[in-house]
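Visitor: One structure is given below, represented as structure tokens, and several questions about it will come after.
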């Protein structure tokens, strides 16, 4: 498994397993077992996903909690330093541990949340702290008040939508970028003829090429699926390399249009 180093020296896999929309206890156990058997050693959740307790229970049953890097996120309705600490403690209780803690959206007032994150990190209660859905200007605002830079920024990224301004800004600072919606399944990206032609050249699927494109841009990928075949397919991306010409063609697929919510307007709890 290829890894990437965060600002604090912590190494994380270049692929995390997404758990959004997995909300059934039985399904969670099966899905996490599929993911573990396929080779995933890091997962992503959030308080908003309402599945932290299921993940914690499943990891306990599997006996692999210490092998998995667990990321969770603090939701938009958590306002203030003390409330942020309490939110973390609730997530930690459900999950059994939190390795990486992220602010889910730059909604409302996020500086006090970050101050609480810094305390949790300095006290050794989490191994790394970061943000999600923060654009360049959000990071700049945070930097005016922060003692510690975010170690990771999780935003929407895929071949159809690459916010290069934010990506380049963060990577220049050493902030690792992580892609949610890397396969943009609802946006028909995987049916794009250009992607299919490149995939055929490497004897891979369009999904594998889409994920590999992100990896070669030093972006951690966060695919999600409950199907065993797709779970395995999504992680089978470390045995080939896309050449520079094909990378340029994939870069040219960028539409500049996100499919998910706009971080500048998404403020509802």
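Heads up, the Cβ atoms here are built off N, Cα and C, so glycines get one too.
This is the feature table in TrEMBL:
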- 14-253: domain 'NADP-dependent oxidoreductase' (DOMAIN)
- 49: active site, proton donor (ACT_SITE)
- 73: site 'Lowers pKa of active site Tyr' (SITE)
- 104: substrate binding site (BINDING)
Visitor: Would you mind reading off the Cα separation of residue 104 (substrate binding site) from residue 73 (site 'Lowers pKa of active site Tyr'), to the nearest angstrom?
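Guide: Distance between the two Cα atoms comes out at 5 Å.
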Visitor: Counting Cβ neighbours within 10 Å across all chains shown, tell me which of the recorded positions 73, 104 comes out on top.
Guide: 73
Visitor: Provide the three-state secondary structure of the residue listed as 'active site, proton donor' computed with DSSP.
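Guide: Looking at the DSSP assignment, the residue listed as 'active site, proton donor' belongs to a helix.
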Visitor: If you average per-residue pLDDT over the domain 'NADP-dependent oxidoreductase' (14-253), what number do you get?
Guide: 96
